[in-house]
Amino acid sequence: MDLSLSSSLSKPCHTLSLSFSSISSSFSHKTNSLQLLPSSSNLGSKCRIFLINPLLSRQKDHKIRAAQSSNQTDDDGFVLEDVPHLTNFLPNLQSYPNPLQKSQAYAIVKQTFVSPEDVVAQKIVVQKDSPRGVHFRRAGPQEKVYFKSDDVRACIVTCGGLCPGINTVIRELVCSLNSMYDVDDILGIEGGYRGFYSKNTLNLTPKVVNDIHKRGGTFLRTSRGGHDTNKIVDNIQDRGINQVYIIGGDGTQKGAALIYKEVERRGLQVAVAGIPKTIDNDIAVIDKSFGFDTAVEEAQRAINAAHVEVESVENGVGIVKLMGRYSGFIAMYATLASRDVDCCLIPESPFYLEGQGGLFEFIEHRLKENGHVVIVLAEGAGQEYIDAALHTVGEKDASGNRLLLDNGLWLSQKVKDHFTKVQKMPINMKYIDPTYMIRAIPSNASDNIYCTLLAHSAVHGAMAGYTGFTVGPVNSRHAYIPISHVTEAQNTVKLTDRMWARLLASTNQPSFLSYDPVIREKSDREILEVINDTKNSSI
Ligand SMILES: Nc1ncnc2c1ncn2[C@@H]1O[C@H](COP(=O)(O)OP(=O)(O)OP(=O)(O)O)[C@@H](O)[C@H]1O
Ligand SMILES: O=P(O)(O)OC[C@H]1O[C@](O)(CO)[C@@H](O)[C@@H]1O
Ligand SMILES: [Mg+2]
């Protein structure tokens with residue numbers, strides 16, 4: 001018996017109460033309907049489902065919220081944060097069988113195509129009675145595609161800072177478009193967003209990109225600033241581009257969201273796919289950004305060098321400055337991995353220098369105990385001290401990111417002055433600044449594989465007509481995430497999470513919880529003196 005039930009979503013929001021033993025839902029882009037079918041997929045024994053008018057849904061950034069009810073016992077709280085599809089605004093778009101059906105490589109795969117009903121849970125640690133929570137569409141090849149291979153004109157752009165693995169993503173985008181979907185018209189946009197309207201394009205073929213994964217940097221070059229939505233979309237339209245692959249961090253993804261919205265406003269058949277890239281690992285929702293592991297590994301070399309240096313001298317103080325503008329993930333992971341670090345300072349955790357429980361006291365203890373100390377400093381840590389001292393608040397780069405002052409030099413000078421002038425205890429300062437070295441290298445093996453999967457997922461999504469999405473692993477499964485969802489907030493180290501506690505337990509450093517504003521005020525005045533001294537002696 002066919003128990004399927006479909007409802008036209010052009011009507012206002014419906015509420016249906018169902019009591020099938022189990023149901024599954026499927027959204028048809030063609031008919032704009034949500035089908036609810038009895039099936040083995042377990043949505044719960046009884047559930048209440050809200051069907052949302054697609055127009056309303058679009059206004060809500062394409063969030064299809066299902067199964068929400070005030071009655072906790074009847075409600076399994078399933079929410080699908082779905083990504084937009086080209087048919088949302090081009091309802092008559094034709095679909096075609098996915099060419100992968102004929103692929104020799106994929107012929108052996110048990111389930112070549114991802115079911116449209118496959119979703120990835122954002123939260124996997126749940127209690128028996130907790131709501132099922134937010135889910136994302138699972139990434140992967142879809143049975144139907146919305147582009148004919150010959151009609152595709154794709155482009156790739158890279159924006160923001162460097163990160164190990166960008167070239168691997170570029171390579172795999174080109175190679176997978178070509179080998180899986182027979183696409184051979186792929187353009188490289190040079191020098192970031194502004195390259196759309198100020199530079200000629202490059203023709204990207206598998207041959208051209210064959211070796212680029214072995215190099216650091218970005219084959220397409222990059223830039224900050226220069227995002228002009230109208231000029232970019234005009235250019236996309238003028239060049240007949242219909243798939244845009246955008247590799248970049250949180251700023252880039254915000255720019256990608258604007259491009260997608262403008263494309264939709266103009267009613268263009270253009271799929272916009274974001275691939276998250278950031279060395280800082282500050283992109284929300286996804287497990288981890290590509291290149292992060294490579295960077296942490298490289299950071300180990302600097303920490304190791306600092307440790308070797310300070311271990312070999314008397315009262316050796318090693319300071320290693322690592323990247324991390326607003327998020328201290330690199331510093332935290334490098335510290336946890338190394339075991340040679342005595343103290344890790346990150347932007348999320350305020351610290352102070354003077355007095356009881358302060359950094360100077362801690363350094364003194366460690367020097368007396370071990371004869372040496374290694375400090376890892378994320379570049380964003382303690383910036384407020386330098387800003388306050390130099391009155392430099394508000395300086396920004398071309399993209400609007402805060403411009404950081406050199407906290408490594410500042411801290412080295414501060415520590416040196418304290419121990420020589422105040423403590424009368426000469427120290428051997430070894431300051432290592434490997435900041436750019438950890439991101440300018442090619443990606444390691446596991447990041448290379450990660451980059452390959454990201455590129456494949458992006459290509460499958462765009463070919464299947466999804467747009468306005470960012471791709472990335474959520475609890476280890478690749479998913480399509482609405483771009484707006486990843487740009488809502490930055491990912492930062494949570495001091496209340498166990499990972500930070502693990503770090504505190506491993507270094508035994510002060511937690512700086514007894515942060516005293518009086519001491520801080522005193523400290524600020526002294527910092528100002530040191531900074532001025534530093535400036536005058538041009539260190
Ligand atoms: N809010 C925004 N709206 C539109 N475009 C933006 C926005 N923020 C940044 N961009 C654009 O995105 C590009 C990259 O941004 P940004 O320099 O902040 O780097 P990112 O992508 O965050 O990468 P990372 O921080 O890892 O270096 C720039 O061209 C910038 O103009
Ligand atoms: O390349 P730039 O503009 O010097 O930017 C450096 C910044 O970029 C990042 O590496 C992020 O990409 C930050 O960690 C760092 O502060
Ligand atoms: Mg950024």
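Easy rule for this one: first residue shown is 1, then count along the chain.
Cβ coordinates come from backbone N, Cα and C, glycine included.
According to TrEMBL, the feature active site, proton acceptor maps to Asp280. DSSP classifies Asp280 (active site, proton acceptor) as coil under the three-state reduction. Taking the Cβ of Asp280 (active site, proton acceptor) as reference, residues of its chain lying under 8 Å away and at least six apart in sequence are, in sequence order, Gly249, Ser289, Met323, Gly324, Arg325, Tyr326, Ser327, Phe329, Ile330.
The ATP binding site annotation in TrEMBL covers Gly161, Arg224, Gly225, Gly249, Asp250, Gly251, Thr252. Gly251 (ATP binding site) has a Cβ environment of 21 other Cβ atoms inside 10 Å. According to DSSP, Gly251 (ATP binding site) sits within a helical segment.
Taken from TrEMBL, the feature Mg(2+) binding site applies to Asp250. Remark: Asp250 (ATP binding site) has Thr278, Asp282, Ile283, Val486, Thr487, Gln490 as non-local neighbours, by Cβ distance under 8 Å and separation of at least 6 in sequence.
For Thr278, Ile279, Asp280, Met323, Gly324, Arg325, Glu379, Tyr436, Met437, Ile438, Arg439, the entry in TrEMBL reads substrate binding site. Less than 8 angstroms from the CB of Arg439 (substrate binding site) sit Gly161, Leu162, Cys163, Pro164, Gly216, Ile279, Gly291, Ala295, Met323, each of them six or more residues away in the same chain.
Sequence annotations record features per position, and here TrEMBL assigns domain 'Phosphofructokinase' to 154-460. The average pLDDT computed over the domain 'Phosphofructokinase' (154-460) stands at 96.
Annotation comment: TrEMBL describes Gly251 as site 'Important for substrate specificity'.
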Filtered by Cβ distance under 6 Å to ligand 1, the binding-site residues Asp250, Gly251, Gly324, Glu379 reduce to Asp250, Gly251
Of Gly161, Asp250, Gly324, the binding-site residues whose C-beta sits under 6 angstroms from any atom of ligand 3 are Asp250
Expected list for ligand 2 (Cβ under 6 angstroms, binding-site residues Gly161, Gly225, Gly251, Met437) reads Gly161
Span of the recorded ATP site, as the biggest CA-CA distance among Gly161, Arg224, Gly225, Gly249, Asp250, Gly251, Thr252 in Å, is 13
According to DSSP, Met437 (substrate binding site) sits in helix
